Amino acid sequence: MGRSCRGSPPSGRLESAHDANPAARLSPGPPDGGSALRAIGWPFPGAPAEADDPAWRQTMTAHPQARPARVVAQHRSGYLVAEGPVDGVAVESLPEWQRPKFPPEQRPAVGDWVLVEEARIVALLPRRSAIKRGAAGEHYRQQVIAANVDVVLVVCGLDADFNPRRIERYLLLVHGGGAQPVVVLTKADHPGADVDAALAALADVAGADVPVLAVNARDRDSVAALATWLQPGVSAVLVGSSGAGKSTLTNSLLGSERMKTGEVRVSDERGRHTTTHRALIPLPSGACLIDTPGMRELKPTGEEDLAEGGFADVEALTEQCRFRDCRHGQEPGCAVRAAIESGALAPARYASYLKLRDEVDAAAGQLAGRRGGKRDEKVAGKTLNKRLDDKYGKR
Ligand SMILES: Nc1nc2c(ncn2[C@@H]2O[C@H](COP(=O)(O)OP(=O)(O)OP(=O)(O)O)[C@@H](O)[C@H]2O)c(=O)[nH]1
Ligand SMILES: [Zn+2]
């Protein structure tokens with residue numbers, strides 16, 4: 001979504017006019033017409049039953065007694081869900097989600113919207129976007145880190161943390177998940193910060209469709225530049241390495257000091273209180289931040305597209321090599337080497353491309369193996385390798 005509009009808010013489709021409608025009174029959901037849900041990222045104005053998404057309306061019609069709620073956390077045998085900017089409550093999962101064979105990426109994750117009836121989830125509203133990563137382990141898995149994310153703020157400090165390669169990686173992984181990435185360079189106020197140099201270093205990393213902003217995360221006025229992407233109904237997440245300024249940014253967006261870890265108490269199924277991380281943070285702007293652990297180490301899932309995910313320039317070069325299976329070594333007519341020699345392609349960016357390409361390929365092979373079932377793993381991997389060879393040349 002919003003991929004073509006540099007600098008414009010992602011909420012155009014979220015704000016289609018739905019004025020007060022008498023049907024709202026008959027709708028499931030809280031009596032306030034949905035504003036409590038809206039504070040935690042419900043993507044549509046107006047009452048829940050008026051959701052501007054036919055699939056959502058259909059699911060809600062099938063469960064007229066149920067109420068929409070957002071998943072805040074996964075729980076031993078169920079989920080914690082919230083119906084507004086209040087503590088989550090424990091609800092039971094749909095039985096099929098508990099089956100060991102059920103694909104983990106199809107189970108609700110933080111940020112998913114579900115329909116709840118008497119402390120039981122009765123349906124999952126179709127996911128509109130997802131930030132996924134490949135999960136390490138013997139069996140290849142995809143892990144949904146956060147669902148229904150509209151905006152991903154890729155946070156990177158303009159100090160020693162500044163690393164175009166890491167930003168590249170985040171952008172590749174965010175791409176394809178359906179969310180708009182925005183690069184936020186913090187610590188612009190540091191004496192050593194060179195904003196112009198950083199923007200130049202990111203010129204081919206963040207394409208025309210990825211806004212880049214330099215801010216002082218401690219300064220509310222500076223952070224106000226993000227308002228465009230944080231309008232009502234928008235769900236945003238912050239990604240970035242430790243110390244990049246995510247908490248500082250969150251506090252400035254909140255306009256008040258908040259505990260660093262945002263601990264809150266929730267009731268578990270026995271009515272006991274446990275302490276947990278607050279996953280949905282309503283912002284004064286009307287947007288909602290999803291703060292979930294697990295965003296730190298992002299590994300490709302195998303579904304990323306290097307050309308569309310920020311490496312269109314390098315992919316285009318590889319297609320100009322004289323030999324289709326060029327390995328960009330000593331072959332004559334190699335467009336990649338020529339570009340590096342002429343300075344048109346930074347060696348570090350090319351190295352990063354190769355590394356990410358290998359990671360994506362490896363994950364894609366495992367993914368194909370998994371999708372094809374255990375027995376077919378080799379065959380599926382071969383087919384995929386052939387496709388990759390056609391695409392990238394033999395390696
Ligand atoms: N001067 C200045 N300091 C900043 C800025 N952003 C962050 N800092 C400081 O950098 C340090 C780390 O910032 P945090 O907000 O804790 O970083 P974080 O990304 O939340 O780190 P983790 O919680 O470890 O993931 C703190 O001392 C902040 O005050 C900025 O834009 N300007
Ligand atoms: Zn070549």
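Numbering starts at 1 and runs along the chain as displayed.
Glycine residues also receive a Cβ, built from the backbone N, Cα and C atoms like all the rest.
Taking the Cβ of A188 (GTP binding site) as centre and 10 Å as the limit, one finds 19 other Cβ atoms among all the protein chains shown. Annotated GTP binding site per TrEMBL: T186, K187, A188, D189, G240, S241, S242, G243, A244, G245, K246, S247, T248, in sequence order.
DSSP assigns H328 (Zn(2+) binding site) to coil, not to a helix or a strand. Cβ neighbours of H328 (Zn(2+) binding site) (same chain, under 8 Å, six or more residues apart in sequence): T318, C321, C334, V336, R337. Per TrEMBL, the feature Zn(2+) binding site maps to C321, C326, H328, C334.
For 374-395, the entry in TrEMBL reads compositional bias 'Basic and acidic residues'.
Per-residue pLDDT, averaged over the domain 'CP-type G' (141-298), rounds to 83. Here TrEMBL flags 141-298 as domain 'CP-type G'.
According to TrEMBL, the domain 'EngC GTPase' annotation covers 147-296.
Among the features that TrEMBL reports, region 'Disordered' is placed at 1-52 (among others).
Summarising the annotation, TrEMBL assigns region 'Disordered' to 368-395 (among others).
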Neighbourhood of A244 (GTP binding site) by C-beta distance under 8 A, where only residues 6 or more apart in the same chain count: V155, C156, G157, D161, T186
Close-lying binding-site residues around ligand 2 among T186, S242, T248, C326, C334, where CB distance stays under 6 Å: C326, C334
Rounded Cα separation (Å) that holds between S242 (GTP binding site) and C326 (Zn(2+) binding site): 39
Integer Cα-Cα distance in angstrom, C326 (Zn(2+) binding site) to K246 (GTP binding site): 42
